[in-house]
Amino acid sequence: MTNMSFVTTFILMGIPHAPALDIPLFTIFLVIYVLTVMGNLLILLVIRVDSHLHTPMYYFLTNLSFIDMWFSTVTVPKMLMTLGSPGGRMISFHSCMAQLYCFHFLGSTECFLYTVMSYDRYLAISHPLRYASMMRGRTCALLATGTWLSGSLHSAVQTTLTFRLPYCGPSQIQHYFCDAPPILRLACADTSVNEMVIFVNIGVVASGCFLLIVLSYVSIVCSILKIRTSEGRHRAFQTCASHCIVVLCFFGPGIFIYLRPGSRDAVDGVVAVFYTVLTPLLNPVVYTLRNKEVKKALLKVGSKSIFTQCK
């Protein structure tokens, strides 16, 4: 081990694609990133300004928008650099470690938050009379804090397991950001224990959260079917539809990538685009365009700004 030359810089190989697609892909992902950041910032602003949106549902949505904005920022700018120039593929060892930690921190926090949001919807639809007393401000704050602390702990485990191993070459990561599975392939030591722990850790977290979400929505559907008016059923289904769409787009690709031990195909990089690039954009699109309350708040904020400019 004393004669080993340890890696100080990694090379991100990026998304598998033909060189001729560099500029089109760069443009597409740049537009998506700008829309993601602007859209989530707009949601944060609208919920902050409009007092009618100061409810548990929008409190959790604020957390989700904040996470999505930074979740996209952790990976997309570096992806754009890999598409922009060969020098942009380089990433230092410590920067790679920081990116992996932030990615799993925000990703796992979002995973827990989706679970909390499904529980919130369950209480709102299945127990409407007790909802206000059960989801007080302190309860919401405790649930949100729990998601952030759990995400931080989960990420610390992933990062420690990954970077406690020696890396002495090669230094090419077959991905567009630093993630545990492709990095472990470069380790100069046996990674079987790491892969098993990561598989079980992510498997338990992702599967557990997804199961709780499914159970919540099964209960929600049962409660919706008991609503006598078709208008009431339609409104309840519409309230939960946006959450379900985003949840499926987030959990589907993640489960595909992490719950296949030993399979580290190049296709994983393409699949990862769905939950690192597209899902953060879906949040403002789905929650804004499908939600009447948010659209009213947007119109109110827009009309106020126009009135202020006219004065």
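The backbone N, Cα and C atoms fix where each Cβ goes, and this holds for glycine too.
Curation plays no part in TrEMBL annotations; they are all automatic predictions.
The model shown is predicted, which means the values in this text are computed figures rather than measured ones.
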Stretch carrying transmembrane segment according to TrEMBL (options 2-20, 59-77): 59-77
Annotated stretch (transmembrane segment, per TrEMBL) among the listed ranges 122-139, 140-157: 140-157
Spatial neighbours of the transmembrane segment (198-225) far in sequence, C-beta under 8 Å, 6+ residues away: 108, 111-112, 114-115, 118-119, 121-122, 125-126, 154, 157-158, 161-162, 180-181, 184, 233, 236-237, 240, 244, 247, 251, 254-255, 258-259, 261
